[in-house]
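The structure under discussion appears below in the form of C-alpha cells.
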Amino acid sequence: MEKLLEVSSLTAGYGDGPAILDGAHLSVEPGKIHCIIGPNGAGKSTLLKAICGMLKIRKGDVKFKGQSLKGLRPDQVLRKGICFVPQERALFPKMTVRENLRMGGFSLADKSGLEKRIDEIEERFPILRERRDQHAGTMSGGQQQTLAMARTLIIKPDIVMLDEPSLGLAPKIVAEMFDIMRLMAGEGITILLVEQNALTGLKNADWGVVLDLGRTLFEGPADEVLSDPRIQELYLGGKKAA
Amino acid sequence: MGEIIQIVILGLALGGVYALMGSGLSLVFGVMRIVNLAHPSLIMGGAYVAYWGFKLYGVDPLIMLPVAVVILAATAVILYKLVFEREARSAKYSEMTVLLTFALAMVVEGALGTAFTNTQRVTSPDYATDAFFIGDVFIPKGQLYAGMVSLAIIGALALFLKYSRFGYAIRATTQNREAAELLGVNVNLVGLVSFAIGIGLAGAAGSLVSFVFSFYPSKHWEWIAILMSLVVLGGMGSILGTVLASLILSVIAAFVGTYFGATWSTLTFFVALFVVLMVRPQGLFGEKPELA
Amino acid sequence: MTSLDTNEVITARKAYYAGLAGEADKGRSVWFPIAVLALLLALPALQFTGNYNYLIHLVLFTASYVVMASGWNILGGFAGYISLGHNVFFAIGGYFAGMIFARYGISTIILAPLAGLVAAVFGYVIGLITLRVRGPSFIISSLALVMIFKILFDNWDFVGGSNGLSLPANDLPVQWAKLPYYYAFVVMAAFTVWASYRIRHSKFGLGLRAISKDEIKSESAGINTRFYKVLAFAISAFFVGMAGAVWGEYLTYIRPNIFLIILVSVNMVLMCILGGKGTVAGPVIGAILLVVFNEFFVATLGASEINIFATGMIMMLCLMFFPLGIVGTLARLKKLPRILNWD
Ligand SMILES: Nc1ncnc2c1ncn2[C@@H]1O[C@H](COP(=O)(O)OP(=O)(O)OP(=O)(O)O)[C@@H](O)[C@H]1O
Ligand SMILES: [Mg+2]
C-alpha cells in the first residue's frame, strides 16, 4: 500500500543542542490510527514537532505524499494538510470557543466559507455550539480536547497529529476521545497519536510504533505490538498487561 | 466632600496617562515575554520628540504625538532585529531579556543625557497650565487632555486587538505561542509588529508626559517601578488590567500624596508592586501565574 | 517486523546515564591566587619609593568590587536568582557601621563583620519573602526593594535624610591614609573568594547549582530548596554588607545617593556576567575589567552620561554575545587557563 507519510532515519534536536532523535522512522497509511508509545523523554513529542516543521530536520527525511517536508515552516506544513495538536494546552484559553474555531481557519487564504464550516462543525459537536461564547480556558478537560480536535477539521486536513490527547482525562472521557478519532479516521483522516498509556493507545489503534532513546525500536500492526512479549516487559508494565 | 472629589479627579486624570505608559509594556510582555525595563526610557525619548517639536517649531505636543509614535516604532523595529530576535531562542529568555532591557535603558538614558543634558524640561503649551472649574473642583486641562487622549488610544488598541485579523493573531500568540504557530500564525512577525506597537505607544505616552510632568533622562528609573507596579497588578500582558490598575493606584497615590506628602505617594506604587508580587504574582486580574 | 534487542536498549540507556554524569574533575592551581594575594599585601611598600596613592586606590576599589561581585554571585550565580537590589545590603552595611562609627568612634573595619551579619539578617528576612517568586518576578521585586529603601533612607532624619552624614577622616599622613582600608578590602576580597570556593564545592553549593538548573526537580530530589535559597541570599547579603561598612568610612560620608543608586547593583550584576556568572574566578575578573573600563571611560570621556551609555552598551553586548562570561566561555571551549580554573 502507498505510504502517506514516511519518516526515515530522522535526526533532530532543539536549537543547537544534542540530537534528541537519532534514527527514528515511521510510516503512515491513509485512513488509519497510528499510535506512538515509549517512556517519558523518549522523544515522542520531539518526533511530532520535527514532522510539523517546528524543529529542523538534521538528517534523514520526512516525505508526505512523496514530497519532502524538509525545511518547511509549521504554517507551510499545515497548508500541505498536516495538522498538529500539541501536548496539553493547544487552545487559546482567553478566547471564546467560537474564536478558537475561527483561529483554526487562520491559515485559509479564502475566508468566505469559514463561518459556514464552523457551523458544520458545531453541528457535529453540539457541546461546542452550546459553549460557543464561553472562554475555552473555563471548559472541562474533555471539552477542551474535543474543541482542539474539532478545530483541526476546519481546514479538512489529511493527517491529524495528536500529542497525548488523553492526558489528565477520566477513562470514560478518554474512550469518547477515541470515538472521535475513529470517526475522523472513518472519514479518511489519518491519525498519528502519541499515548502515554500504551495499552489503551494500542488497543484503539491500527498501527503501533515503539520509540525509545530517540529511535524507533519497533513498528507494526497494533495487535502484534501488544502481544510481543519483549514489548510487554519493557513498555507495557510486565506480563500481566496482556 | 469637595476635596475628596478633587483628589479622585486628579488621580484619575493621572491614572489615564499612566495607563498609556503601562499598556505598551503590557502588550510587549504579553506577546513577546519581554519584561521591557527600557520602556520608560523610550517614553523619555518620546517626550523629547514632543519637547523639541514644540520648542523649535512651536508644534503642539498633541500633534507631535503621531510623529513620536512613528519615530519610536521605527526604533523598535531596529532594536527587535538587532537584539531581541536573536534572543528568542535562548533558554532563559525571559530572565535574559530583563537584563538586556535593563542595559538598553542605560544606553538610552546615556544617549539622551549626552544629547540633551540632565536639565529638567517640560513642554508648555497654553493648556498645560490652564484649568477648568466645576464648582470649586478644579481640573487641570493638561492632565485632562492627556488622560483622555491616552484612554482613546487604548480604546483604539483594544478594538484593533479584538476585531482585526492581526489582532486575532496577536491575542492568539499572547495566549499560546506554540498553538498559534501551529495554526499558521507567523509568530515572529507578530512579535515584531507588537513590539513596534508597544514601543510606539511609549512614544505616544512620551508626548503626553512631556507636558504633564517635568522630565530629564535619568528620571525613567522612577517610572520603571511605577509602571511595573501597574502592569504586575493588572496581570502581566492584560491591557484592560493595566488600565484598571493605573486608575486605582493613581487615585490611592493621590490620597496618600494629599494626606502624607508627595514622597509617600510614589511609595504607594512601589509597595503595591512588592506586595502584589509576593501575594498574588499573577496580578489582581490575572488568572494564572505568568511570571513566577 | 523490525528487529528489537532488549540488550541493545539496556546498553543504550546505561550509556545515556553515563553521559549525563560526565565531566571529570580537573586539577587546580592553588599557587596562583595565593601569589596574587601576597603581591597585593606587599604592594603598599611602593609608597616608600614615591606616591602610588592612585594605584592603591584602584586596587582597593577593585577589591571592594570583588567582595560585592563574589557576594552577589552566591545568590545570582550559584542559585540563579538575579537580584538588581543588592545595593540595599550595601546600604545597610554602610549605614549600620557608619552610624556606630559616627557616634562611638569604633572603626568600621572592626565593625565590618558585624555589619555583614546585620545585612545577612535583613537578607534572610527579605529572602524569606521575595524568594517565593522566581525569574522575572524576582528581578522586578528586587528592583522594587531598592526603590522602597531609597525613599525610606531619603526621608529618615536620624541618618541624615538625603544629605546623609559625614564621617571623620583618619589622621594618618596622606601617604598612609588609605592603607587601613586597602588592607581591609584586600583581606575581605580574599576571604570572600575563598568562601565562595568552599561554598561552590560543598553539598550546599551543589544544591544551589541544582536549584539554578531546575528548581522543581531539585525539590523533588529532596533538596530543601527554600532553606537553601534563603541561606544563599543571607550569605550573599553578608558579603555585600561587609563591603558597604568600610566603603562609607573610606569615602568619609554615607548618603543614599552613594549606596542606593541603581548603578551600584548593576555593577555587581555586570561584573559577574562579564567574568562568568556562577564561577569562582568570574566575579574577580569581572571586577578587574569593570574598574579598568571605568577608569578608561572617566579618563577619556569624562561625563557620567557617556559612562552610563558605555556601561549599558557593554552589558548588552556581553549578554548577547558572551552570556557565559569570560571564564564560562573559555571553560566551555575547554581553553580556560589552569591558573584561572578555580571552580
Ligand atoms: N524545548 C526543549 N528544549 C530542549 N530540550 C527539550 C525540549 N523539549 C524536550 N526536550 C528534551 O527532549 C527529550 C525528549 O523529550 P520529548 O518531549 O520528546 O519526550 P516525550 O517522549 O514526549 O516524553 P513525555 O512522555 O514526557 O511527553 C527530553 O530529554 C527532553 O529533555
Ligand atoms: Mg511528550
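Heads up, the Cβ atoms here are built off N, Cα and C, so glycines get one too.
Residues or ranges marked as transmembrane segment by TrEMBL: B:6-30 (among others).
Under the heading transmembrane segment, TrEMBL lists B:37-57 (among others). Sequence-distant contacts of the transmembrane segment (B:37-57) (same chain, six or more residues past either end, CB-CB distance under 8 Å): 21, 24-25, 28, 63-65, 67-69, 71-72, 75-76, 98, 101-102, 104-105, 108-109, 112, 116, 121-125, 198-199, 202-207, 209-211, 215, 217, 219-221, 223-224, 227.
Long-range contacts of the transmembrane segment (B:63-84) within its own chain (CB-CB distance under 8 A, at least 6 residues past either end) are made by residues 32, 34, 42, 45-46, 49-50, 53-54, 97, 100, 104, 149, 191-192, 195-204, 206-208. TrEMBL lists B:63-84 (among others) with the feature transmembrane segment.
Beyond its flanks by at least six residues, the transmembrane segment (B:96-116) meets 32-42, 44-45, 48, 79, 83-84, 87, 90, 217-218, 220, 224 of its own chain at Cβ-Cβ distances under 8 Å. Taken from TrEMBL, the feature transmembrane segment applies to B:96-116 (among others).
Residues annotated as transmembrane segment in TrEMBL: B:142-161 (among others).
Taken from TrEMBL, the feature transmembrane segment covers B:182-211 (among others).
The transmembrane segment annotation in TrEMBL covers B:223-252 (among others).
Residues annotated as transmembrane segment in TrEMBL: B:259-279 (among others).
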Grab the same-chain neighbours of the transmembrane segment (B:182-211) for me: Cβ-Cβ under 8 Å, and only residues 6 or more beyond its ends, written as numbers and ranges.
17, 20-21, 23-25, 27-28, 30-32, 34, 36, 39, 42-51, 54, 61-62, 64-65, 68-77, 79-81, 84-85, 88, 121-125, 127-128, 142, 146, 149-150, 153, 157, 166, 169-170, 172-173
Spatial neighbours of the transmembrane segment (B:142-161) not adjacent in sequence (6+ beyond its ends, CB under 8 Å) are 10, 12-17, 19-20, 23, 27, 62, 65, 125, 127-130, 132, 167, 170-171, 197, 201, 204-205, 208-209, 211-212, 239-240, 243
